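Per TrEMBL, domain 'Plant heme peroxidase family profile' is recorded for 27-279. Annotated Ca(2+) 1 binding site per TrEMBL: 28, 30, 32, 34, 46, in sequence order. As annotated by TrEMBL, disulfide bond applies to 78-275, 156-188. The feature substrate binding site is assigned by TrEMBL to 119. Look at TrEMBL and you will find 149 tagged as heme b binding site. What TrEMBL records for 150, 204, 209 is Ca(2+) 2 binding site.
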């Protein structure tokens, strides 16, 4: 959610670039490439907000944009580069391919405090549904886009509250598989001096598949938000359906990604020459 997915619209998306926000790394301002803007002395940008500290590989987008400017200057927005890169990451990892609608404009505003609006890894399903519905996305979109976590990695900070002192009754979140909880405690000790420590969100982290849903059905969702979808009647049947049928998941994911790509499209923006700064 905030950790974890925009390369799938890196605003979503603690993105595929590092820790996926929900693929839908939860949109801040929509697919307007605001997450690519660097901070300035007078403004702390989205990429430096707490949920996005693990985002990386911005150079990949920089390289693509530089090459595009040489071939067709002032034509392809950074937002479109992100949307196309998201599709290509999924396809090259064994997932589905889809046609990306082009013509987005780049936003000129990026504020770190607005990342507080990203869905949190600790959200329950009701909170997730509300967050997605505010962006015109359905319950099915929520579950399908969460599947982007199949390529995700999360740092300990996004799930360690489930491992110790969870409640006065349960030291560990009872919805978490006991063996996984034990493994995560080893990876995320207290105190933890390794800031890069964490866990992949499924067992086939370099392959886009439906393993994420199979893990949730077995109590192995790393985020509380992911696991909550199996405990809620509104989403459980969709999780189970995607766990049974990978082709069904792929089809619904494509539909939701196309829908997501139209959320918050900037009509008064620009085509940045450099994705890190406004023109």
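Just so you know, glycine gets a Cβ as well, placed from its N, Cα and C.
What TrEMBL says about a protein is an automatic prediction, not a curated fact.
Quick caveat, the model's predicted, so the values are computed rather than measured.
Features per TrEMBL, on structure.
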residue: 78; record: disulfide bond; Cβ contacts under 8 Å, 6 or more apart: 33, 36, 61, 65, 106, 271, 272, 275
residue: 156; record: disulfide bond; Cβ contacts under 8 Å, 6 or more apart: 184, 187, 188, 192, 197, 198, 199
residue: 204; record: Ca(2+) 2 binding site; Cβ contacts under 8 Å, 6 or more apart: 150, 211
Fewest other Cβ within 10 angstroms of its own Cβ, chosen from the binding-site residues 32, 46, 209: 209
Length of the line joining the Cα atoms of residue 32 (Ca(2+) 1 binding site) and the residue listed as 'substrate binding site', in Å: 18
Those disulfide-bonded residues listed as 188, 275, and which of them has the most Cβ atoms within 10 Å of its own Cβ: 275
Chain-mates of 150, 204, 209 with C-beta within 8 Å of site centroid, Ca(2+) 2: 94, 151, 202, 203, 205, 207, 208, 210, 211, 212
The residue listed as 'heme b binding site' and residue 119 (substrate binding site), distance between Cα atoms, whole Å: 14
For residue 150 (Ca(2+) 2 binding site), the number of other Cβ atoms found within 10 Å of its own Cβ: 30
Stretch-averaged pLDDT - the domain 'Plant heme peroxidase family profile' (27-279): 92
Length of the line joining the Cα atoms of residue 209 (Ca(2+) 2 binding site) and residue 34 (Ca(2+) 1 binding site), in Å: 29
Euclidean distance between Cα atoms of residue 149 (heme b binding site) and residue 34 (Ca(2+) 1 binding site), Å: 22
Distance [Cα-Cα, Å, rounded] between residue 46 (Ca(2+) 1 binding site) and residue 149 (heme b binding site): 21
